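So the structure is just underneath, and the comments pick up after that.
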């Protein structure tokens, strides 16, 4: 018998990277102690470079002193994966879910995140696939990366997640070796499709729906707005 | 199918090389008799004053190819159920927890150069840390081989 599972979706708009990280850390603790159910954060970031647990900052091609000039921040994180860029018009999903409750390991989880982005691309006629071995992410014609993944799993609870390029400024990727892979390109939905895409909010909601379907959630509870931390550190 | 072939070849290798008796589970991951197991898929082998810890065959299979292992320095202490390090696979960093409390006396430095040992030899060359147990009775709260096998089956059936 399949238990009916619901997912709370928080639509947060553009959120500073560190604020989103702080929120995720709090939610992971609450999810682990069963205070909350599975939550999906749907957001975008201002221009931000991030590096994973292996600290591969040698893949940042400009000196850190130049970051302010290009209008970007750099953050070191505990997620898997190499260096990447996040910015406006790139849809980000951070699932805070319990993998143990659905019997998924890291590999299956990441495969489903890839499928989520592949399905969204397909809605716009873009044929995307998972990467070859060692190249986790979503690719068009195995050459152009349209979606990236970098995840952390702690006591079976996920944080960080996926980033799908709707129409970000791709020149920012020129300042890094994206994901440590030097001989391929980065692309976006805008670049791969015809001239007219619907409103970004619609595309981001479709991404959420693809996620919910892939992970077997039977109902979604949508919440909007930016959470505020009070003195007592409760999320409002 | 590939998983079944892989599991049986691993089992054959274990039969040749080690004294523990493999107990093949229906989920095709190898579970060894004589070890104790945590619900977070780490194993512990208690031999005298030292206990060796690693992750199970079930765990490494569910992780995918391990590309990086983050381990602590020897000399630190660890509490039962708390994280002592992490592994990275498929762009996912997964915490590894200690099944018992104690002092870390040795760390498998081979995993820095050869993280794939966790996949190819999770119970032998892929060991992660050795601990001087603080409280050996903690081992009683862990799963034995049969219980762990059943636990894996139930967890995998959940999706």
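Placed from the backbone N, Cα and C atoms, the Cβ positions cover glycine too.
The feature domain 'BPL/LPL catalytic' is assigned by TrEMBL to A:34-219. Per TrEMBL, substrate binding site is recorded for A:79, A:80, A:81, A:82, A:83, A:84, A:85, A:86, A:148, A:149, A:150, A:161, A:162, A:163. The site 'Lowers pKa of active site Cys' feature in TrEMBL is assigned to A:145. Residues or ranges marked as active site, acyl-thioester intermediate in TrEMBL: A:179.
Taking a C-beta cut-off of under 8 Å and a sequence gap of six or more, residue A:148 (substrate binding site) has these contacts in its own chain: A:81, A:84, A:137, A:138, A:162, A:163, A:178, A:179.
Spatially close to residue A:83 (substrate binding site) yet at least six residues away along the chain are A:49, A:50, A:51, A:52, A:56, A:57, A:59, A:60, A:176, A:177, A:178, A:179, A:180, judged by Cβ distances under 8 angstroms. In this structure the C-alpha atoms belonging to residue A:85 (substrate binding site) and residue A:145 (site 'Lowers pKa of active site Cys') are separated by 12 Å. Comparing residue A:79 (substrate binding site) with residue A:145 (site 'Lowers pKa of active site Cys'), their Cα atoms are 19 Å apart once rounded. Binding of substrate is attributed in the record to A:79, A:80, A:81, A:82, A:83, A:84, A:85, A:86, A:148, A:149, A:150, A:161, A:162, A:163, and the widest Cα separation among these residues amounts to 15 Å.
With a threshold of 8 Å between Cβ atoms, the recorded positions A:81, A:85, A:145, A:150 that neighbour chain B are A:81, A:150. DSSP classifies residue A:145 (site 'Lowers pKa of active site Cys') as strand under the three-state reduction. Cβ neighbours of residue A:150 (substrate binding site) (same chain, under 8 Å, six or more residues apart in sequence): A:50, A:52, A:77, A:79, A:80, A:81, A:84, A:160, A:161.
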